[in-house]
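The next block holds one structure in the form of structure tokens; read it before the comments.
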Amino acid sequence: MNGPKGDIKLEHNPDKYNEQVSIKFVTLVSIVAALGGVLFGFDTAVVSGAIGFMEHKFQLNQVEVGWAVSCLIIGCIIGAAMSGLLSDRFGRKKVLIAAAALFIIGSLGSAIPATFSGYIIARIIGGIGIGITSTLCPLYNAEIAPAKYRGRLVALNQLAIVTGIFLTYFINLGISSYGDDAWDISTAWRWMFAVGSIPGFLFLVLLLFVPESPRWLIKQGRPAEALPILLRIHGEALAKQEVLDIKESFKQETGSIRQLFKPGLRVALIVGVGLAVLQQVTGINAVMYYAPEIFKATGAGTNASLIQTILVGFINFLFTILALWLIDKVGRKVLLLIGTSSMALCLLVIGIAFQTGHAAGPWVLIFILLYVASFAISLGPVVWVIISEIFPNRIRGKATAIAAMALWAADYVVSQSFPPLLNSAGPAITFWIFGIMSLFTFFFTWRIVPETKGKSLEEIESLWASKQT
Ligand code: BGC
């Protein structure tokens, strides 16, 4: 029944045939771009395994330990800030290639230094690469994807991030159990960082084979180069219409940052930057960076807390897959509303468990896992999707960069303030603060975040125009 007959039917239905070709092509290209997410995830997780050994090796005090963890984020802020200007000028593809190179230099550089400052410099260089890829990978995917599948394809980037985090926990475990304590302190942490250069190199090579973003090409006045790429994505009739729509959208925009502060687009800026900051101040990286410490505070031993950390990585991975499946079906907004209300509830319970002295049982673990699952179906993927699709074509690069920069800056503030807050205010208050922020995110989403499911980027753009009056 299937086989040749089915194939012949496809030949008679050129539209369907085109659609099948496009999805294969776009998915492949998106997977390559999403690989940048693996590097992001790798860098998020690698230091948690290395830091204990580096502390001994370089005789670090508590401030230096904090700096060893967070200096990467300083690089990320710089990278995100540069990504907009550079990618608007030189194109998404070339800047991504440069970011991959920076990441490789950062990974190898973090592995070989004889001094602590050598490590810091290398880590900041790698961070610049991550700041750039964190902004440009979702943006590139959004610019290349057909509207119908855009949510899923951009969210692939988040799947890559959580895959990177999850794999890195195992790699850390594997490397540290290879030798004795002395070897761990002298060498294991070096291998942990060096391993990152493998996905970095793969990313760099594969990037050479992906096309430039057609939207960027049209913006540069090179529609002839954009058309064949759009043809492969959409098929003939739609591709020509896309070129016209994209050209038309540029006529409506000046491309200057000032445009973002005018009524209408100002709302887009508030949504983008607001969601970026809220993704961080609801506490996810307190769990990602400090999970073993939190579990130790509930009385778990070192081994148990390590296993629980891996469980966190697994749940994050599993529920991100669920989000990928849901994001173009139920939409971004519904996922955000369900996820943030459930996060608020989980954080409330975790706080109560600490406050009433019930932290030693399984409750904290169960509700942290539920909290991570709720993040993974909502703020995790949806925020990166929304910030890469809500801004107009001409200023998308710069505007997405502003939102990503705000996200990394908020990450820095949370990761720096979490340990002292935990010490001074205690775990209950700390988790309740994150809970209140989650509740706020729920209302923020409900009131001002628009649904962008199924709309083309140009349709989303016209949505802001209607808010101008
Ligand atoms: C966030 C990261 C976080 C990761 C966890 C991403 O969407 O931007 O800060 O570490 O999700 O899964």
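Just so you know, glycine gets a Cβ as well, placed from its N, Cα and C.
Over in TrEMBL, the protein carries these features:
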- 25-53: transmembrane segment (TRANSMEM)
- 29-453: domain 'Major facilitator superfamily (MFS) profile' (DOMAIN)
- 65-86: transmembrane segment (TRANSMEM)
- 95-114: transmembrane segment (TRANSMEM)
- 120-141: transmembrane segment (TRANSMEM)
- 153-171: transmembrane segment (TRANSMEM)
- 191-210: transmembrane segment (TRANSMEM)
- 267-291: transmembrane segment (TRANSMEM)
- 306-327: transmembrane segment (TRANSMEM)
- 334-354: transmembrane segment (TRANSMEM)
- 360-387: transmembrane segment (TRANSMEM)
- 399-418: transmembrane segment (TRANSMEM)
- 430-449: transmembrane segment (TRANSMEM)
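Counted over residue pairs separated by six or more positions, the transmembrane segment (334-354) shares at least 3 Cβ pairs under 8 angstroms with the transmembrane segment (430-449), which defines the two as touching.
Below 8 angstroms of C-beta separation, residues 44-45, 48, 69, 165, 260-261, 305, 308-309, 312, 340, 343, 347, 368, 371-372, 375, 379-380, 382-383, 386-387, 390-391, 399-400, 402-404, 406-407, 410-411, 413-415, 418-419, 430-431, 434, 437-438, 440-441, 444-445, 448-450, 464, 467 of the same chain, each at least six residues beyond the ends of the transmembrane segment (267-291), sit close to that stretch. Long-range contacts of the transmembrane segment (95-114) within its own chain (CB-CB distance under 8 A, at least 6 residues past either end) are made by residues 33, 36, 39, 75, 79, 83, 86-87, 121-130, 132-133, 136-137, 140, 190-197, 200-201, 203-204, 207-208.
Taking Cβ pairs closer than 8 Å, the transmembrane segment (65-86) reaches residues 43, 47, 51, 54-55, 95, 98-99, 102, 106, 116, 119-120, 123-136, 289, 397-402, 404-405, 407-409, 411-412, 415-416, 419 in its own chain, all 6 or more past its ends.
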